[in-house]
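Please read the structure below before turning to the comments.
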């Protein structure tokens, strides 16, 4: 654009500035007064050309060219000082500033913006500083929260009761503890101290062992039986092996009815159905099994109960009794006869051994030794005569 249109555009862009036109050979050239700075173009966009992004008018200032050589650094220090970055730049001499920052255009923009506007490099450097400060504050908050959590967890762990390691007893310690338990289930303080000295265990461990041992003993010993036989074999095994009577609770329930009893399988005879309803007249037949045996054992006196397992039962057959008598007759050989037979057998074995090793024994003597062996075997196998039985005590 040239001529009047260019002048009009320049006037519209900078109405506050007064320009004078000088004609040099038919061409118009604007002459700028020394008091106003030359117009600066911020950009070539539509908004910049139309003046939509026009900056507010500033006070007139002297051109940079009128300033002396050292005034550029002073002006820069005065502007950059309040922003917080002029301290570092003030220490640098005029020759130390880069050529780009020492140009009048840079200082001109600084002077034009004034103290309120911060430099763009300063803003760019200040934002990371703020971000670093925020990150550091966040990290401090996290570290403080982690410390609080760690302290709370430590306090909780201290509050919780530490789990004690399980005590492993040696065989000697268990033997001593069992001996003391057989003597007294509730040992006094003196007994516990003596056990602690013997077993080298703390007294509280001994007390806990006795508590556990008493609980185990109560579990084994039934409250209605109170016998080690009941604990070993249970109800069925104790009744079969040792003829222990049934508990009173089962007997009372059997009087009301077998099906209503606690253990009908112990009352009903083998081979009879349990689900069937029985009348009271049929109860004796049902009680002919294990219940009958338990009732007989309950009716016997105390002295007879001790001897009952040793006495032969009346239900044994005659063949079994005969076999027992024969075995008893064979076992009635006197001790002297058994001793003589064993001595003779040892002598015969010694002679055979010497004959084989030394070869000094004649074959006739070997035959005699064999005959003696056979005679001893016949004596042991033959049952004793009735006269010998009478002689023997």
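Keep in mind that glycine also has a Cβ here, set from the backbone N, Cα and C atoms.
Check Swiss-Prot against the ranges 36-43, 44-51, 52-59 and you find motif 'Octapeptide motif' recorded for 44-51.
When Swiss-Prot is compared with the stretches 162-221, 222-281, the one noted as DNA-binding region is 162-221. For the ranges 142-146, 147-151, 152-156, 157-161, the feature annotated in Swiss-Prot as motif 'Nuclear localization signal' maps to 147-151.
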